[in-house]
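Structure record follows, encoded as structure tokens.
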């Protein structure tokens, strides 16, 4: 099969980049049309990405690699290029699709914002760099795009920089992900150092780590894998670097959808999938990934139970779901991880956009002030419900299949991780039920005026919701235990996900249990009082509400101590360094001031000085005779 | 030789008085007068050497005449400058002429 469209894969990131350039050049005059420019660019990208995906699905197309020499430093040659494989084509399709819908939705959401053009420019750059990251055929280019993604997330989270919280959140996101980025950078440097021929492209990595194992020692491989995982954990919000992701809610809601579904957090998972050969060669690193993933999954799910901000609940659910993906990678199933990434992209984008629609209608993010909105916003409620059910893992929605694939893989590999995952799935179902029931069901708890004004969002916002809802239902059928199409396609055949009856049954049961418990507590029947836990174990509720005090701990451990170090350095700078500089300066100017006293403009003084000097000179010359 | 020494001593005394006047007097006219005193001390030296020097000749007296001529011209220029200064600044106090400072 000829690779017709794959050759043009470079167009996919090029369109949003062009949109970024145009929007940046045009400036704020484009506030009205900017959204359409960005949307059209992402539509073009989506079309190309879709054509590539179809081309790759329709036959055993070869991987296409277009690369060129970028730099030659001494004897070392660096190449830049793009690579189209089944994995990248799937990822590109997800990213372009979600970004298309987010752009479309943002036209409605950002209407009237006087920096709308800037917003769409940032979004375009964000999408472009994410696509570049997806397409790149070596780690170096990937790292460049990786950093671009980080910068864009910083810009977009801090988009409403008038709010101090948004500024703080943007800085936090940037700094926390920097910690991970540093790990990735060191990993790339180590690879550059130890790889034969300094090759950093993925096919060489595959050869070295996958087939000729032993070329690089196991301990070094483990170190590199762990450093890469540190980078992935930073971007994908894994414990202990998850703290930035919930705060990133300060950005505009479409950005939350974009970050959580397609661009930012998916980058970490994608990175691990791309460099999976390194992980596979390092069992200790695999264990770390699995344990961190499982821990993050349950850790974030429990926090999600006690949050009151609609977007924060969704943010912690993203952290939790990313934990699932990492868990899947840790137990060796890249297919399950990518599958969950695929389905999660749809239903999480759906949930965020629906949440944005709710926020747009009631102008609050606090779920305690919502309630009963289902009657006012039918489309939003229905689509949100579908997303919530998909996330909770109710068959036959997409989330069920992907979560089941992960749990099945975990059960095969390490049963105790399966237990952790199942418990986390229970909490997931519980907090989603709580969220849905508190927002859409029951009686309005906020002000009556806000409720009266709450109305369905415009079509430009609801159409993406409906499209995403359809996909959230249907996306799971590409890989069910009965008909596994995605797995062989993605991993190049061979790997077959076993249908695991235990996993399926347990997965369904815990989801239903979670939803059932949620219904009992928040369904309005009063079967179980909502404060059943907080009244008996107030410390537990408080612990969850404050997110296990991780932020406070970091504040105490790092922020305060680093701040103090900074103050010390600043003191040193101001007193010692500046003091020395000021001393030099003031010494010179004092000398100058002393000299200006001689330069008084009185000719008689000059004459006197000259004569005194002449006398001294004469005395000195004459005096020499007598020595 | 003792004649030469006494002439030279007188000239040195005159020169020092003139120098003192130039350096200390605040009135510009007195400063000019002191300069004349210094010039005349030099003239006295020239004449003393032309009469009692190692090779006496008229050259020294000729130089003295030249020097007096130049001194007269200098005095004229100096007084003219002083008048111009006085018209501009209404003072002949040399302490106040400190434009060089700027």
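Each Cβ is built from the backbone N, Cα and C atoms, and glycine gets one as well.
Straight from TrEMBL, the features:
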- A:70-120: domain 'NADH-Ubiquinone oxidoreductase (complex I) chain 5 N-terminal' (DOMAIN)
- A:136-428: domain 'NADH:quinone oxidoreductase/Mrp antiporter transmembrane' (DOMAIN)
- A:6-26: transmembrane segment (TRANSMEM)
- A:33-54: transmembrane segment (TRANSMEM)
- A:87-105: transmembrane segment (TRANSMEM)
- A:173-195: transmembrane segment (TRANSMEM)
- A:215-234: transmembrane segment (TRANSMEM)
- A:255-276: transmembrane segment (TRANSMEM)
- A:288-306: transmembrane segment (TRANSMEM)
- A:313-331: transmembrane segment (TRANSMEM)
- A:337-359: transmembrane segment (TRANSMEM)
- A:380-401: transmembrane segment (TRANSMEM)
- A:416-441: transmembrane segment (TRANSMEM)
- A:462-482: transmembrane segment (TRANSMEM)
Please report, as numbers and ranges, the same-chain residues at least 6 past the borders of the transmembrane segment (A:87-105) whose CB is under 8 Å from any CB of it.
6, 9, 12, 16, 35, 38-39, 42-43, 45-46, 48-50, 52-53, 56, 120, 123, 127, 130-131, 134-135, 254-255, 257-258, 261-263, 266, 270, 273-274, 338, 341-342, 345-346, 349, 353, 356, 460-461, 463-465, 467-468, 490
Across the domain 'NADH-Ubiquinone oxidoreductase (complex I) chain 5 N-terminal' (A:70-120) the predicted model averages a pLDDT of 80
For the transmembrane segment (A:288-306), what are the same-chain contacts with Cβ under 8 Å, counting residues 6+ beyond its ends?
226, 229, 233, 237-239, 242, 272, 279, 313, 316-317, 319-331, 410, 413-414, 417, 420-421, 423-424, 427-428, 430-431, 434, 541, 544-545, 547-548
Comparing A:6-26, A:33-54, A:255-276, A:313-331, A:380-401 for Cβ pairs under 8 Å with the transmembrane segment (A:337-359), the winner is A:380-401
Using a Cβ-Cβ cut-off of under 8 Å, list the residues of the same chain that are 6+ residues beyond the ends of the transmembrane segment (A:313-331) and lie near it.
232-233, 236-239, 242, 245-246, 248-249, 256, 260, 265, 268-269, 272-273, 276, 279, 286-301, 303-304, 307, 337, 340-341, 344, 348, 351-352, 355, 367, 391, 403, 405-406, 409-410, 412-414, 417, 421, 424, 427-428, 431-432, 435
Write out how many residues of the domain 'NADH-Ubiquinone oxidoreductase (complex I) chain 5 N-terminal' (A:70-120) are helix, how many strand and how many coil, based on DSSP.
29 helix, 13 strand, 9 coil
Where else in the chain does the transmembrane segment (A:215-234) make close Cβ contacts, counting only residues six or more beyond its ends and a cut-off under 8 Å?
146, 176-187, 190-191, 194-196, 208-209, 241, 267-269, 271-272, 275, 278-279, 281-282, 284-286, 288-289, 292, 326
Using a cut-off of under 8 Å between C-beta atoms, tell me which stretch among A:6-26, A:33-54, A:255-276, A:380-401, A:416-441 contacts the transmembrane segment (A:462-482) the most.
A:380-401
Folded-back contacts onto the transmembrane segment (A:33-54), same chain, C-beta under 8 angstroms, at least six residues removed
5-6, 8-9, 11-13, 15-16, 18-19, 22-23, 26, 84, 89-90, 92-93, 95-97, 99-100, 103-104, 106-107, 110, 116-117, 119-121, 123-124, 127, 131
Within the same chain, where does the transmembrane segment (A:416-441) have neighbours whose Cβ lies under 8 angstroms from its own Cβ atoms, ignoring anything closer than 6 residues to its ends? I mean 6 or more beyond.
290-291, 294-295, 297-298, 301-302, 304-305, 310, 313-314, 316-317, 320-321, 323-324, 327, 330-331, 358, 367-368, 370-374, 377, 381, 384-385, 388-389, 391-394, 403, 406-407, 410, 503, 506-507, 510-515, 517-519, 521-524
Take the transmembrane segment (A:255-276) and find every residue of the same chain, 6 or more past its ends, with a Cβ under 8 Å from one of its Cβ atoms.
87, 91, 94-95, 97-99, 102, 105, 123, 126-127, 130, 133-134, 139, 142, 146, 149, 153, 156-157, 159, 180, 184, 202, 205, 225, 228-229, 231-238, 245, 248-249, 289, 311, 314-315, 318, 322, 325-326, 329, 334, 337-338, 341, 344-346, 348-349, 352-353, 356
